[in-house]
Amino acid sequence: MLIHICCSVDNLYFLKKAKEAFAGEKIVGFFYNPNIHPYSEYLLRLEDVKRTCEMLGIELLEGDYELEKFLDKAKGKELLGEKSERCFECFDLRLEASALKAFELGEEKFTTTLLTSPKKDPNQLIAKGQSIAQRHNLEFVVFRNDNFEHFKSELDLNLQALARENELYRQNYCGCQFALKIQKESQNRSPFELYSPLKRQILPASIEERTQVFRTLDMAKKDANKPFLAQKTIATYRLLNGGVWLSKNSNPLNCCILARSKSKAKVRINDLRWVFSQRLSVLVGYSQRDETLFLTLEGLNTLMAKNYDNLKELNLNPLNYEEELSLRALVSGSESINPIIVLEERTEKTLFVEIKSVFQEEKVFYLL
């Protein structure tokens, strides 16, 4: 039997039940989920599914990541919610590919762990799966036999507990970018998962940080003193865009905006003064009318023991996020959110500053 797999949280419990129900029969897992976005999230879920399949001794095959096929299916349905026609089209894409893979492998049966998802309508899935199975002369397995509702009820109680016990990645959205946007909008929150960093950094509460956590956990799983997976809530930050201009219509100057710099409408700073800070032993630019602070690249090099030649080099090989927070703490305090901007060199000219940023609470995984 081939089992289409969507994620580890659904996967572990479902595969255990499948192995019990079909004892002695070979089970093949198939990870085909072109709806998952961004690609880094897809890879994170794939890595975790590999872990659960290894735990159970089940072979796992990976399908192609065909995002364009999903986007074609979702066209015109982007604004629909969960359990809508968009989800039905997504089922069609994934279950059709699963049926074709089962047929290719010579399997007679297939099913999907999506049946256990609390975000999906099992009746929609069953109808679609049976329709596709009939076209390919296959059987779509539902674990019914008058016990599917019991199976689903039991799963709802135990799914998250089993995931926590086995330290699996528990994603906070179904997978597609459209569902994520709708979910975040309903919570009045920004979809951080869809934001790419303006600098080459691994940011708190990012998919890249989650990947690091679970890879570290996986590498240490055989250690006697292995760390424990836990969650916490943090107040984190994203810089969306920003810059410094000599006039409203000029090209932006090379600059580096430090982490936790709050949003600024395009403010005009015409009283910029540079003073030598005895406390910091570097030049600092400030205005009596605005709280934005300026450092020169030379000042950054001094404070952070770096040797950047120019701002292009800094932006290509930036300070990591923690270093930026350390620099902020040195200059204006760890709790500060006033803009701090690094310029190539000191300037006495009038400057226009604009910053768009977001502060938001996020629940993150970490290791104890």
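Just so you know, glycine gets a Cβ as well, placed from its N, Cα and C.
What you see is a predicted model, and the numbers here were worked out from it, not measured in a lab.
Taken verbatim from Swiss-Prot:
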BINDING   CYS6, CYS7, CYS87, CYS90  [4Fe-4S] cluster binding site
DISULFID  CYS174-CYS176  disulfide bond
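Features as recorded by Swiss-Prot, highlighted on the structure.
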residue: CYS6; record: [4Fe-4S] cluster binding site; DSSP class: coil
residue: CYS87; record: [4Fe-4S] cluster binding site; DSSP class: helix
residue: CYS174; record: disulfide bond; DSSP class: coil
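Of all Cβ atoms in the protein chains displayed, 27 besides its own lie within 10 Å of the Cβ of CYS7 ([4Fe-4S] cluster binding site).
Taking a C-beta cut-off of under 8 Å and a sequence gap of six or more, CYS90 ([4Fe-4S] cluster binding site) has these contacts in its own chain: ASN35, PHE70, LYS73, ALA74, CYS176.
Straight-line distance linking the Cα atoms of CYS6 ([4Fe-4S] cluster binding site) and CYS174 (disulfide bond), rounded to a whole number, equals 9 Å.
Between the recorded positions CYS87, CYS174, CYS176, CYS87 has the most other Cβ atoms inside 10 Å of its own Cβ, all protein chains included. Separation of the C-alpha atoms of CYS7 ([4Fe-4S] cluster binding site) and CYS174 (disulfide bond): 9 Å, rounded to the nearest whole number. Each residue contributes its Cα atom, and for CYS174 (disulfide bond) and CYS87 ([4Fe-4S] cluster binding site) those atoms are 10 Å apart. Each of ASN33, ASN35, PHE91, ARG94, LEU114, SER117, LYS119, LYS120, CYS174, GLY175, CYS176 belongs to the same chain as CYS6, CYS7, CYS87, CYS90, is absent from that list, and has a C-beta within 8 angstroms of the C-beta centroid marking the [4Fe-4S] cluster site. A simple way to gauge crowding: the CB of CYS6 ([4Fe-4S] cluster binding site) has 26 other CB atoms within 10 angstroms, across all the protein chains here.
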